[in-house]
Amino acid sequence: MNLSSLRLESNPRWSYHAAHFPAHHGLNPSFRRNFVSCSSIKPSASSSLSVAESFTRDSASRIESLSQVSGVLGSQWGDEGKGKLVDILAEHFDIVARCQGGANAGHTIYNSEGKKFALHLVPSGILNEDTLCVIGNGVVVHLPGLFKEIDGLEANGVSCTGRILVSDRAHLLFDFHQEVDGLREAELAKSFIGTTRRGIGPCYSSKVIRNGIRVCDLRHMDTFPQKLDALLSDVASRFESFKYGPEMLKEEVERYKRFAERLEPFITDTVHFMNESIAKKKKILVEGGQATMLDIDFGTYPFVTSSSPSAGGICTGLGIAPRVVGDLIGVVKAYTSRVGSGPFPTEILGQGGDLLRFAGQEFGTTTGRPRRCGWLDVVALKYVCQINGFSSLNLTKLDVLSEFSEIQIGVSYKQIDGTPVESFPGDLCLLEQLKVDYEVLPGWKSDISSIRKYADLPKAAQQYVERIEELVGVPIHYIGIGPGRDALIYK
């Protein structure tokens, strides 16, 4: 079936219809008529706001104007394309740092020759040979996975020697944490969270109940066996199917003796290093993993990750002061996707969702699982912008929408009885029963992947970008129009 001939219908639990929209959305009169129920009414090109003129600078000045400590954070449920922007920005920064999460954060980047790299722990700045990469204290580190990434990079000509620093305060994620992840999911049965089963939650659980093992513990092999024994014994007492005995402990200790020797050149007091670097005026770029809608506090709990992938996680995950953090860039897809379970108000079910999924190649970097897909949710995006205080946005995968004759944006929520919902709710019962009001915009039905100037985009594509800016109140400075490293428009 041709994409252009199909009108994608969102989840039937949420309705499209003309309705009163609360004033807090800041909609001007020329757009109110476009909140429709399965309608083909389209706004005229003349109603598009000319936001572009306010943000037209060349790419170099745009990047160089970023603050000394800047960050790139996910603005949806992950998989927005953060790694590509970090890779591009890294050329202008001395240090790229990860502050939270673990190998559940899959970032796909491409080098100048178009070779693909899928990274999970190593910061995306590694492809820039002049950049130092820091894995901060807030990250949980699976050493076999880290070494595998390093070996893969080295095998492809990317030098890692002296370029990766691992915090001595970071917690170690063991293979048995991954096993526990699967056991917990099996226990939860139908109410499972949809974890990547990379052991992230169990490792953070060990950290919080204070029986976790940190990188610095590898320097003390006289006490390491006792700490590991206590941790394994705790797991065995919790799960009957987890088999643990002296032989397993002996094997793990010997294994980690080898790991400790290999990791030693990378181990650093990164809190001291980061603050010294700030004092020396080094430029630092923080690479967030996952996204704010998966934040342990602000996401759709309990369908969230176990760390803080929002602005606050930068300070706690690196040990730097809030006052030194400057520009934060939110990365958001031109539509929305989500892996695993949890509420998804603008989800498109059935064949329509499949078409968007295959057009955008929406399959998880870490798990390979197909992602759920839907229209852009402006209510959720505004919520995320408020929490993080973004100075700008990077709109990615705009090219994926090129085949659609019309594009929808979820602009407000209401309860079943029509009562407006003024903000993104924390109550999942309410969130799962919401109706979404959509605004319909015209598609551009042309290939935009080779365009490099904003002014050269089709008017309908510009209108879509500018409408998002108007709705969320944050400028879009970067627009992704393909997976390649150069497929980026600076606005």
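Glycine too: its Cβ is placed from the backbone N, Cα and C atoms.
Per Swiss-Prot, the feature GTP binding site maps to 78-84, 106-108, ARG371, 397-399, 480-482; the stated evidence is sequence analysis. DSSP assigns THR108 (GTP binding site) to a strand in the three-state reduction. When other Cβ atoms within 10 Å of the Cβ of THR108 (GTP binding site) are tallied across all protein chains shown, the result is 17.
Positions annotated as Mg(2+) binding site by Swiss-Prot: ASP79, GLY106. Counting Cβ atoms from all protein chains shown, ASP79 (Mg(2+) binding site) has 27 others lying within 10 Å of its own Cβ.
The IMP binding site feature in Swiss-Prot is assigned to ASP79, GLU80, GLY81, LYS82, ASN104, ALA105, GLY106, HIS107, THR196, ARG210, GLN290, THR305, ARG369. DSSP assigns GLN290 (IMP binding site) to coil, not to a helix or a strand. The number of other Cβ atoms within 10 Å of the Cβ belonging to GLN290 (IMP binding site), over all protein chains shown, comes to 32.
Marked as active site, proton acceptor by Swiss-Prot on the basis of sequence analysis: ASP79.
A sphere of 10 angstroms centred on the C-beta of HIS107 (active site, proton donor) encloses 24 other C-beta atoms. Annotated active site, proton donor per Swiss-Prot: HIS107, in sequence order.
The feature substrate binding site is assigned by Swiss-Prot to THR365, THR366, THR367, GLY368, ARG369, PRO370, ARG371, with sequence analysis given as support. DSSP gives ARG369 (IMP binding site) a coil state; it is part of no helix or strand.
Fewest Cβ neighbours within 10 Å among the binding-site residues GLY106, GLY368: this applies to GLY368. Annotated pair ARG369 (IMP binding site) and GLY81 (GTP binding site), C-alpha to C-alpha distance, rounded: 16 Å. Comparing Cβ neighbour counts within 10 Å across the binding-site residues GLY78, GLY81, PRO370, the minimum falls on PRO370. For GLY81 (GTP binding site), the nearest of the recorded positions by C-alpha distance turns out to be HIS107; the candidates were ASN104, HIS107, ARG371. Recorded residues GLY106 (Mg(2+) binding site) and GLN290 (IMP binding site) have their alpha carbons 8 Å apart, per Cα-Cα distance.
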